[in-house]
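J.: Let me give you the structure first, and then I'll get to my questions.
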Amino acid sequence: MSLLTLDHLTVHRGDRAVVRDVSLRVGAGECVGLIGPNGAGKTTLMRAALGLLPATGTSSVAALPAAARARQAAWLPQMRDIAWPVSVETLVALGRTPHLAPGGRLREADRAAVDAALARLDLAAFRSRIATQLSGGEQARVLIARALAQDAPLLLADEPIAGLDPAHQIMTMTVFAALAAEGRAVIASLHDLGLAARHCTRLVLMGAGRLVADGAPADVLTPENLAQVFGVRAYYAQTPDGPVFQPLEVVK
Amino acid sequence: MRYGTLIAGLGALVLVLFAASLLIGPAALGLGDSLGALFAGRGEAAVLVMREIRLPRALLGVMLGASLGLSGAAMQGYLRNPLAEPGLIGVSSSAALGAVLALQTGLAASFALALPLMALAGAVLSVLLLLLLAGPRGSSLTLILAGIALSAFAGALTSLVLNLSPNPYAAAEIIFWMLGSLGDRSFTHVWLALPFMALGWVLLATLGRGLDALTLGEDAAAALGIRLARLRLVLILGVAACVGAGVAVAGAVGFVGLVVPHLLRPLVGARPGRLLPASALGGAAMLLAADIAVRVIAPGRDLKLGVLTALVGAPLFLHLIYKTRREGL
Amino acid sequence: MVGQSPFRRVRAVLRAVFCAVLGAATVTAAGAAPERVVSLNLCTDQLAMLLAAPGQLVSVSFLAQDPMNSAMADAARAFPANRGQAEEVFLMKPDLVLAGTYTSRAAVSMLRRLGIEVVEFPPERSLDDVRRHLRLMGQVLGQQARAEAMIADYDTRLAALRADPAHRPRAALYSANGYTTGGNTLSGEILAAAGFDNIAAEAGVPAGGALPLEVLVMLRPDLVITGARYPGASRSEALLDHPALAPLLAAVPDAPATNADWVCGTPYVLRAIEGLVAARKALEDGR
């Protein structure tokens, strides 16, 4: 079942196309790593797919009305905004906004979703802490929990593991993989190609606004693609511990 | 439930202050005489005092305070900035300019609704201009600077209009438009302001969920199903209706929209949606208290409301600026 | 007061007091009547217009032409108006300038330094001041005979109007900003002469001050005399439209308003008293 279908999606900023003619289908069960160098158009692609930016071409999610879209796709922006000193529980419960009954009271199902999201991100102990007083990495996890509480079939996350410690990076990627295994789909932009190679079922490589490669990690992280798009040479091997990827040097 | 208790407590406070406002005034009426006149219509002159002078004044106090508290909470929620307040960022002074224009051009004399409508138009223009200047997530600096410029400009034009008026009293009334007063207001003013204020309350009350979601930023809120363009429009109209109608009948009373949300925010868990009803009640209480104080401190002198609210509000504003800078917000 | 020694200032004050209060006109020291007189003050304008010989008065203040404030606005239009600026007055080459003690202070001291004779009149505070100022103006302008005739006429008409009825209705002078005027003023004496008691006394306001609307309503005067309304709008005057005041105002539908006749101490105050006497008789008849 396809959860997101992009058809010839193009986004212009001024005269320049920052995303050019991208077509993509993401189905249930997929954990997609969206990779590419800075300025490749990863964030723009995701925002346009959600309908947060004007674009030409079509996106199955952007085509939905606002309320239905919020139940279909959750979005975790790169900017970690927490404007007011609310409690962690309150912040995570904001993820329930699309599901709330008129009047805004949390129902049993909402509480359960909030509890589950807190548990998944190892945040149960933080429940009544003030979110703005947490460390940057803790805030990042709270915001991921917020996106999980939205309980949407599709999760788009923009650099969700940037700034997390290694344990929580791995934990977050494991959560994403588990979500996909449950029959949802995750699209996450990542700069850590090692984690992407280990945890994603599929990688989408972007370069200069175009979709360059799309497929299993081993098929995308080829020396040619790495050299051409990232300008690096890397060590990539299948080991008894799973795939291991390590960038080695910059190539001209 | 804690939030329920808070709302009930604030409601009770408003009721007590409302009663006190009815019972305090320069005409020395006893408690029995006051109540007899108000409810049973006993005593011809006392009835006039209670029903035509004190009742509309107390009602306007509640209406104006609720409007200002609500507007402050809504603007702060939308801009995610605790310094946003209609009086500080020039919305009130622009509304005052609209009101003064309606009065001095004679428009208000030929068509009574022109007064609140022109004030509302002034407020709408200023909010649009502010959003344009300060951007969607206005940084404190641009917001306050834009507000200062707007206040100064609207204030200067108001002075100009009043100075050019053929009425010798008009020029002296710049202070009323800048600081506000409920002195000698009547039911005429209540009926003039109420429809617009009620509209503003209804509009702003619908924003709770959207403002809550905006805690996460515009992008996340939009992805949570909040229609931001619509929210912005409702906010502008709601604030303009509340502030415009309030300024048209009572002048620009500052700082209520700053002080009240600030004091109540910790009590509602900082949730912008819950802050809206709490700030409406808190604003009503603060304005009633200020209006009682002006009558007790200087009876018969028409001390301006804005003097008292600024005495409380300005130090708090400085404290907020200091805190904002320290936190590098 | 740069460039003016304390001694000169004292002398100027003394001279003003001397001229105004004792009525010794300094100009008459030379014996001749002044030939080019400029008046800077609304009240001296009117006194001068009443007494000056044709051609003697050169200019009056612009306020004298405003019917809201001046009982002689029509007559004043025959004169060029001044705005009390030293420069414009100096260019009129006056040999005497008339001023109020509270008006155009800077212009008055400037004109004195330029060697022009200035006579200052304090505001009239009583019906007796009318008589005193007519006499003083007569001396200053060299029109003593005309002044004495006018004083005699004033006294006769005032005596005829002055009433001391058995029942004195209670009246309130209530103008913009809730300002009420007490007994020790020209307005207060006008009211008393017409046979009214002033409610300001009951409210404890001796001369003038704000009277809260509530207090006025509770005192329930028989007559409320409001000020004439200026064009344009003001919150100060909007008070007079307050619904709580409406029953008091409606009680006497054609109650007189304080108008230009009340502003200055000229014989026109008699017209104000006449209006009030008529209103009092209407009140008695309606009773």
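If you go along the chain as it appears here, the first residue is 1 and each next one adds 1.
Each Cβ is built from the backbone N, Cα and C atoms, and glycine gets one as well.
Pasting the relevant annotations from TrEMBL:
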TRANSMEM  B:56-75  transmembrane segment
TRANSMEM  B:87-107  transmembrane segment
TRANSMEM  B:113-134  transmembrane segment
TRANSMEM  B:141-162  transmembrane segment
TRANSMEM  B:187-207  transmembrane segment
TRANSMEM  B:233-260  transmembrane segment
TRANSMEM  B:280-298  transmembrane segment
TRANSMEM  B:305-322  transmembrane segment
J.: Thinking of Cβ pairs under 8 Å, which stretch from B:87-107, B:141-162, B:187-207, B:280-298, B:305-322 has the most of them with the transmembrane segment (B:56-75)?
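T.: The stretch with the most contacts is B:280-298.
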J.: Relative to the transmembrane segment (B:113-134), which of B:87-107, B:280-298, B:305-322 accounts for the most Cβ pairs at distances under 8 Å?
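T.: Highest pair count goes to B:87-107.
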J.: Going through B:87-107, B:233-260, B:280-298 one by one, which has the most CB pairs that fall under 8 Å from the transmembrane segment (B:305-322)?
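T.: Maximum Cβ contact count belongs to B:233-260.
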J.: Taking a Cβ cut-off under 8 Å, which residues six or more beyond the ends of the transmembrane segment (B:280-298) line up next to it in the same chain?
T.: 7, 10-11, 13-14, 17-18, 20-21, 24-26, 57-58, 61-70, 72-73, 181-182, 201, 253, 256-257, 259-261, 263-264, 304-305, 307-309
